[in-house]
Amino acid sequence: MDDPYHNNVNQQMTEGGDYTYTQDGGGQDGYPYQTDYPPQDEDAASDATEGADEDDQMYEGEYQGIPHPDEIKEARRAARVEARRKARMAAQQEEEEESLPEQYETIMEDCGHGRFQWMLFFVLGLALMADGVDGFMVGFVLPSAEKDMCISNADKGLLGLLVYVAMMVGALVWGGLCDKMGRRKCLIYVLTIDLVFSFLSCFAQGYGFFLFLRFCSGFGIGGSIPIVYTYFTEFLQMDKRGEHLSWLCMFWMFGGLYASFTAWGIIPHYGWGFAIGTHLQMHSWRLFILVCLFPALAALIGLVFMPESPRFLLENARHDEAWMILRQVHDTNWKAKGEPERVFTVTNIKTPQTQEDEFIEIQSETGTAFQRWTVRKMTMRIILVFSTHASNPSVCISYHGLGVWFPDMIKYMQYEEYESKVRIFHRERVERFHFNFSLVNQIHREGEYIHDKFANIEIKSVKFESSLFENCYFEDIKSTNTFFENCTIKNTVFYNTDLWQDKFKNCRMENATFLHPKKGCHLNFQEENDIVIYMVSFLGSLAVLPGNIISALFMDKIGRIRIIGGSMLASSACTFLLLLSFSQGAVICWQCLFYGVSVAAWNGLEVISVELYPSSKRGTAFGILNGICKFAAIIASSIFAAFIGITKIIPIFLAFAALVCGGMVALKLPETREKILS
């Protein structure tokens, strides 16, 4: 067989790059081939012959179909060039996307802080005030509502519980929706729902329907806090953010003051109510609910004239709308400052590409349904864990827990004082006597009342035990916390009284007559203790004013973390003073001190919460955070209320532990004072 490497062959390259071989007579170098390559540059020739002898230019794999080394090197060189091109494009795209926060911050600085931000400040402040009013309203309405609608002790706790549950659900739902639908639109929906259902609850005569309407109202207003702070933050430049968000927090305090003051002035005045027909009774506490709608109504009217957040529009690729709103902000501020000639010079705003964050959502064409569900659950868990470490639940446990403990403790002290003054009558016999004066805080045991008349009087906190009523006459009687136990009622008439079956326990009736009874429950003209409770809430709300002012002035100077940590640790020290609460005055004093110190932590947490999250998830994260806070408030209120009259140690220890743990965790959070909103 002939060896092809020993034949005389000439190698030539055609125009298409293919090689042709021809026989020749021999070679000078002892090699049978001569190659006629096109002329090459010196560098190219060096690359082609790297690692081989200059004379060794024959490629031995040509007949086996193996690519020539030159072709492989050329392909690799082209691949490297393409990779570098893609890397440059990716880096450029990433740079453009990352530059949006910096550019947006620059635009807000150019727009300045002025009239527009202050108008938005008051509108959103009224919305926040409406949330504060709803939080206080339940406690003021409940004492009157439970009498007006015959609410039992087992059911009256449902009102406060359901309202907080509704607010918790509302925060979770509306916080997420405002990242999808827009801050302004969702806030309008929130206030509208609150107004409609609160208005309808004023006319609800049944307790079940009233609960349903208050639940719907709470679901609406519960979303206001996440939306308000997210909305206002995106109109503020970095050096104004901490201070003005802290000022905004004051409106929640104004809500408490408004609710306390109006309740104090309206609810005790029973005569201010009126009747619509025979079945619709509008007592004073219902008028109080109507008056509480004014902040939400004013906020809704003002919000109609406010624009959407431009940052939200940019995140959703609505570039032109965002540009118009930013120009409106710029022109409004500078015209108010006397410089209308200043022109909005921004012509191009970098907009991130509109794609779902793969950390939050896997697209339908990638991954299985189980994988998508797993990623969503892991995402939610991570947000929840971070929310827990944001110290909000710790503040909620102590603030809302003690918020229930303070007024309940005062009521318990009043009850103990009242009980200590009870008058006890034993085996008295009263015959043919006309009782024309009120009976208050008395216990009558084994008494005998023969031919007596009780007319046009009020019987309050009176108990008749094992007594005899024979040939007596009761007329126009109004009773409160009054009971007959193991008594015998003979030949007695009850005319136009509210003494009915539930007032008589294990009693023996012999020829007793009830004429025109006042069935159901009836309001008292005025409760002595109501004034004290209104005053306690009013002073507690007013006490946070100094803390609000201090936190606003120093939020941007010393930083959020120091404000939060310092306030929570100082509040924990204040809880020990509650051990010295031996009188109503002492409880009120320590309540005001605790509220005044702890409010700075609240403000710091509100500020840092909106700064830590990116714009596309800010409302969702804040809503989850606020929902956890409401849940912590529900748990704390139940626990703290259970120990009223039993011990002070456990509530105080729980508040102290929550504040210390929260304060220590807060000191580990990142400082966001100089952080540009991502």
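A Cβ is built for glycine as well, from the same backbone N, Cα and C atoms used for every other residue.
According to TrEMBL, the region 'Disordered' annotation covers 1-69. Annotated compositional bias 'Acidic residues' per TrEMBL: 39-59, in sequence order. Among the features that TrEMBL reports, transmembrane segment is placed at 118-145, 157-174, 186-206, 212-232, 244-267, 287-306, 382-406, 531-554, 561-582, 588-608, 620-643, 649-669. Taken from TrEMBL, the feature domain 'Major facilitator superfamily (MFS) profile' covers 120-673.
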Segment proximity, the transmembrane segment (118-145) to the transmembrane segment (531-554), 3 or more C-beta pairs under 8 Å | yes
Counting only pairs 6 or more apart in sequence, are there at least 3 Cβ pairs under 8 Å between the transmembrane segment (649-669) and the transmembrane segment (561-582)?
-> yes
The answer for the transmembrane segment (588-608), taking Cβ pairs under 8 Å and residues 6+ beyond its ends, is 229, 241-242, 245-246, 249, 253, 390-392, 395, 398-399, 402, 406, 410, 536, 539-548, 550-552, 555, 560-561, 563-564, 566-568, 570-571, 574-575, 577-578, 580-581, 659, 662-663, 666, 669, 672
Beyond the flanks of the transmembrane segment (212-232) by 6 or more, those residues with Cβ under 8 Å of it = 120-121, 124, 127-128, 130-131, 134, 138, 159, 162-171, 173-175, 177-178, 183-184, 186-187, 189-194, 197-198, 200-201, 204, 244-245, 248, 296, 309, 606, 609-610, 618-619, 622-623, 625-626, 630
Contact call for the transmembrane segment (118-145) against the transmembrane segment (561-582), three or more Cβ pairs under 8 Å = no
Outside the transmembrane segment (244-267), six or more residues from its ends: residues with CB under 8 Å to it = 113, 117, 121, 124-126, 128-137, 140-141, 144, 228-229, 232-233, 236, 284-285, 287-288, 291-292, 295, 530-531, 534-535, 537-538, 540-542, 544-545, 548, 551-552, 555, 599, 602-603, 606-607, 610
